[in-house]
Amino acid sequence: MKESWSSVDTLETNFRPLVVIELAKGTKEETIEWFTKRIVDKKANGGAQLLIKPLVTENGNENIYLVGASHLRLLLGAENVGLVKECNDNSMRAFTYSSRKTFKDFADDNQNFLTMSECQYIIKHELENLRAKDEKMIPGYPQAKLYPGKSIVRRLLTNGILVQIFPLHDREELKKLRHTWYGQVKIGYQPLDEIRCYFGETIALYFGFLEYFTFALIPMAVIGIPYYVFAWEDYDKYVMFATFNLLWSTVILEVWKRICAVMTYRWGTLLMKRQFEEPRPGFHGVLGINPVTGREEPVYSSIKRQLRIYFVSVPFVCLCLYFSLYVMMIYFDLEQWALDYHEENKSHFSSLMLYVPSIIYAVVIEIMNRIYRYAAEFLTSWENHRLESSYQNHLILKVLVFNFLNCFASLFYIAFVLFDMKLLRQSLATLLITSQILNQFAESLLPYWLQKRHMKKMKERMHSLKMDTDLSLVEQVNSEKEMGTYLGTFDDYLELFLQFGYVSLFSCVYPLAAVFAVLNNITEIYSDALKMCRVYKRPFAEPTANIGVWQLAFETMSVISVVTNCILIGMSPQVNALFPDSKMDLILTVALVECFVIMVLILFQMEMCLCGNV
């Protein structure tokens, strides 16, 4: 017998707070009363049928509310969002309440059948799907317009009435996770299943990819060390390493697809149905009827959006690319000045000065990347994309195009215009090491300082000696709401993407690139784990089946690395000696090799697609 929503009890003696809602100070009472009523109302009446309690402090109610749900409500919510769980026969199926006893570890009194992150995801989904019925505005705020079908939470957020919604940490589980994850220095795998249970699939997949990429770099590092030691001054003997580099960059991404599919199948997200995507909070337009849902919602002309993209965004990106190339030419002028200075003085100081232009250029690149990132976010938001996925795809494309040119244009120029392998090695080493030092400062030292600063404030305000003491719920909520908000895995994947470019494109002339990448990634695992557990609020879990558009970005870089390494091999004296009479034969041979490797890569991808369909 199927359980009906009307039978779900909204009163539960053992209230378990899962999510925190913070309203702006001075929010009108009628607004609070209306909003909380909609949260606890039955589904049939347009409510979320959740539990909510105010957080009462010594100063009274500070407009902070705790949201939970009954066990039955969460089970019905799991069916509603399409969670996939393991059955008793070891198969994976979408959870349904009617067949609940066929799922592994299910029992009516087992409150842990759903993980805490899954429960919080269900609550977030229900809150975001609270929609206006007949209301024309938020009660108490005439300027906050509503229309049938509009998400109430999104309207409250855009009007500043709702400050934030965030999931609570489970202090005991977090303490265990910290110990197994980064509490002890060890060589081994990360607890990805535990990370997934606590933070969700999106973050677990990032750490899984970071771990896999680090292990994949080890063969490059092992080969690179003796290659670097025994052929340090012979820049032309890079053919074998470039060949290995070419094969390595082709294979590792296809292997990752298989590993990713195994993990997400085990977690249940590979088979999870894709949810219908709602308009993003920043989307605006005139009211109209959605032809798919039939609901009234903002409509914005796609022609206007295309005009904004092609007549404003594209010219702006091109202007930024031109400016990046202009800065690159200034860098080469500085290189020439440093070389002339060294030729005149021939001193130890002048030898050190040879590295100064590259260091300055690497710092400038990082600054330009960060400034452009803010401009790209503003521009993409101004384009007014309806869906969050469309917004992210356009943002990632803008950022990747600029970062690729900004970081690698000088290396391509040195390799294929100046034909200076010595300068290429020096520039690659300086750019890679400097960018890693700057990122480690931003990823490790800065978060550590922020965490220490936050701890000091907590001691002063709550008279607590350290975070691991048994804080009351009030103290926990007040401490977590002041933490920074984790903005997603965008910057983390971008850093790995650029690192993959440095290693796969030109590391044949600087074999130690993979060594520095491995060392950087080991510290990155620990610093990112520290950020997730101690610096940021707990993010909501987001089910996902893969790393998304970043897979395509890495595959594109892999194709570029194939072309680059084939050309470098063709430029080497050893290969040129095989074609002493005809350079055209050399060019055709290199082109055929490129095509062959790319065809093999395409066949790998087709095989993966066929395996996925099966």
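Backbone N, Cα and C define each Cβ position, glycine as well.
Note that TrEMBL annotation is computational and uncurated.
What TrEMBL records for 195-605 is domain 'Anoctamin transmembrane'. Summarising the annotation, TrEMBL assigns transmembrane segment to 212-232, 238-256, 309-332, 352-372, 395-416, 496-519, 559-579, 586-606.
Remark: the transmembrane segment (559-579) contacts the transmembrane segment (238-256), by the rule of 3 or more CB pairs under 8 A. Listed as Cβ neighbours of the transmembrane segment (238-256) (distance under 8 Å, sequence separation of 6 or more from its ends, same chain) are residues 209, 212-213, 216, 219-220, 223-224, 227, 231, 421, 500, 504, 507-509, 511, 551, 554-555, 557-558, 561-562, 565-566, 568-569, 572, 574-575, 597, 600-601, 604-605, 608. When each of 212-232, 352-372, 395-416, 496-519, 586-606 is checked for Cβ pairs under 8 Å to the transmembrane segment (309-332), 395-416 comes out on top. Scored by C-beta pairs under 8 angstroms, the transmembrane segment (212-232) has its highest count with 496-519, from the stretches 352-372, 395-416, 496-519, 586-606.
The list of residues near the transmembrane segment (395-416) in space but at least 6 beyond its ends in sequence, with Cβ under 8 angstroms from a Cβ of it, reads 313, 317, 320-321, 324-325, 328, 331-332, 361, 365, 368-369, 372-373, 376-377, 379-380, 423-424, 427-428, 431, 435, 490, 494, 497-498, 501-502, 505-506, 549-550, 553, 564, 567-568.
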